[in-house]
Amino acid sequence: MAMRWLLLCALLASSAGAGRGGGDGDAGTGSQVYVVYMGAVPPRTSPNLLQESHLSLLGTVLKRGRRADSVVVRQYKHGFSGFAARLSQAEAAALRRKPGVVSVFPDPVYQLHTTRSWDFLQQTAVKIDAAAVRRGKAHHRATAADADSPPPPSPAAATDTIIGLLDSGIWPESPSFNDAGFGPVPTRWNGTCMAGDNFNSSNCNKKLIGARYYNESDVRGPSQSGGGSPRDDVGHGTHTSSTAAGNAVADASYYGLAAGTAKGGSAASRVAMYRVCSEAGCSGSAILAGFDDAVADGVDVLSVSLGASPYFRPDFSEDPIAIGSFHAVAKGVAVVCSAGNSGPSAATVVNAAPWILTVAASTIDRDFESDVVLGGNNSAVKGGAINFSNLDKSPKYPLIAGASAKSSSVSDADSASHCEPGTLDTSKIQGKIVLCNHSEGDTSKLEKADELKDAGAVGAIFINDVERAVSTTYLDFPATEVTSAAAAAIQKYIASSSQPVATIAPAATVTGYKPAPVVAYFSSRGPSSQAPNVLKPDVAAPGVNILASWIPTSSLPAGQKEASQFKLVSGTSMACPHVAGAAATVKAWHPTWSPAAIRSAIMTTATQLNNAGAATTTDAGSPATAYDHGAGQVHPAAALDPGLVYEAGVDDYLGFLCNYGYDAAKIKLIAASLPGGFACAANATAALISDLNYPSIAVSGLGKAGGRAAVTRAVTNVGAVEEVTYTAAVVAPAGLEVKVTPSKLAFTRSVKRLEFQVSFSGGKDKAGKKGAAMFGSITWSDGKHMVRSPFVVAS
């Protein structure tokens, strides 16, 4: 067997040529990479035998003379079974018809969803809890310091938690990954530190314990963006991994901005990087390989800050993230994913499978203020951006509106007012600050700024309501952004002065900014178009202007001699590792908890108030709903002692797949083992998805007034007190009647798990508008814990 394994490895090594389109026969002609997913690894099957079976299956569809090993790109043999291979359409179609094959699909390319944030989560949670108690609207929310809370983990247990990341690689020299103070690598770790371009095993240590890469040249051909190394050449993976588990680094900043201590959510955890992405994107075959290896290596939590486009949303059985995460969760690995950056449009959330913890993005209480100082006796106009302006503090620079600088060759005044490239007369803007409108769908602000700078402008002011909360980095070009309300003062001044002048102040860090959090405009929204009866996203976390480690860069502000080791970045990519860090901490406190229990603890303890003591809003100012931020803002400390949890396991997710529409034959392939005589229920329907034991509730199709629906849930007591009674409290909108039965749950030493039913009925006097969503919550409390579940009912 050992000799056969060595021979197989040698054969597989020859596949690189085929991956570049140069294999035997017509392997590279009229073909592309397909993923062949074959479900769970059959019981008692060795990786060697599984690989041989893959090659044997593949050989049955290839033309005579073509070797299976010459077209295989990757093989999956740990968490699940399958392979990626370069195939023709006819060969892929033939494989779809083979017994044991769940799905065959073209290898997709997904995209990355691209400090003080942890301090803000802690400080805001304390302020919110205190404010709620003072108003008598909430019980005290348990934290790790409470007397009846579970004891903290031992130092060894805390540092034994391993966070894996599927991302763009890592910069191992970052101080965030220094291993000072760490003990030996956990003995259960099975991973490796792969050598590659400018990377070797010595780059790993007792903090960064694993690093793998999946060479994209095997799939896409030679690339200028590298990929032959775990080393990060994008920056994204370094940022996310330090956000999740980076060491505390004092005096961190982005060239003086956001100064403070940068730290990850679970700084005691170990890090393992799986480089599945490059600047060109993240291939599905590599994503699946990352999941497969991470499960075998022994990670506890996986952080995945990437996903499909909301406009190309594959079915669960053809989605590499849904497939890989399903099998990871089945092996006890919690998987946390970003919700996507396609907001604020509805139904744009991705990574919405119910076994995934899906994270939206919110702001923190930090802003980067860059004010506009006008001439005369005018007050400064508040603006915001990241720039290191070297303009004089006195307002002496001529100020002009883009519309007034329109080129004579351009007939579209509106485009000129937006400073679209090629619409302005350069002679009219040289040496001036230009006021520009900016709307969604415009050329990017950075492109506009570069065009203005090249044309000789000394600065720019962008009027931007939607994106103002996300500070754009302009480096040393003096540019700032103002709201339309603030811009009114600038426009009035220009209209009233024959020679308007202004200056732009360099960015300054402002903390204690209110209100915060708010849901970021770019954060993808629910409902899930695939399964609207699973409420997504699950929670929100900081994802705007997050300071974390970065790769060295040659783009420096004027006067700077060394690149900053940190950078401010926004996206649900940044929110995801915040929750992954929180999940790792929960895992350290509760090593035996399932991924579902960890998710439940994080969701049911989330907060819905901002630092002003009011309900959280979107950055447009509207009340945030569960479609915006799920259960609310993550509260890491409270998640350590949630009181009750909603458990779910593989059997529950298989029931979901039945109700989703998969037949029993397909599900039997997906699952590693099934109860004897397993079959999907005869009445399986999408409506029954609402009965999945999830920490939130989503019901659709309630219908006109008088419509009724009921769902069942079960909670498990995980609190320190075994003999305890919880009472339900309902918050429901007008026009919707909600009843919880029973309204009290009495747990005992022998009774740890209890069921309850929630019934919904339309109001007698108010007809439900078809498709309209109604939001509310159910909270179980024992006087100490508040176990809150949001619900949405759509007619």
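Each Cβ is built from the backbone N, Cα and C atoms, and glycine gets one as well.
Sequence annotations record features per position, and here TrEMBL assigns signal peptide to 1-18.
Secondary structure of the domain 'Inhibitor I9' (33-113) per DSSP, as helix, strand and coil residue counts: 24 helix, 24 strand, 33 coil. Taken from TrEMBL, the feature domain 'Inhibitor I9' applies to 33-113.
Residues or ranges marked as region 'Disordered' by TrEMBL: 139-158 (among others).
As annotated by TrEMBL, domain 'Peptidase S8/S53' applies to 160-613.
The active site, charge relay system annotation in TrEMBL covers Asp167 (among others).
Per TrEMBL, region 'Disordered' is recorded for 218-243 (among others).
Sequence annotations record features per position, and here TrEMBL assigns active site, charge relay system to His236 (among others).
The domain 'PA' annotation in TrEMBL covers 410-489.
Residues or ranges marked as active site, charge relay system in TrEMBL: Ser573 (among others). Listed in sequence order, Leu112, His113, Thr114, His236, His239, Thr240, Ser305, Leu306, Ser338, Asn341, Gly543 are the same-chain residues six or more apart from Ser573 (active site, charge relay system) with CB atoms under 8 A from its CB.
For 691-793, the entry in TrEMBL reads domain 'Subtilisin-like protease fibronectin type-III'. DSSP assignment over the domain 'Subtilisin-like protease fibronectin type-III' (691-793) gives 1 helix, 59 strand, 43 coil.
The active-site residues Asp167, His236 differ in how many other CB atoms lie within 10 Å of their CB, and the one with the most is Asp167.
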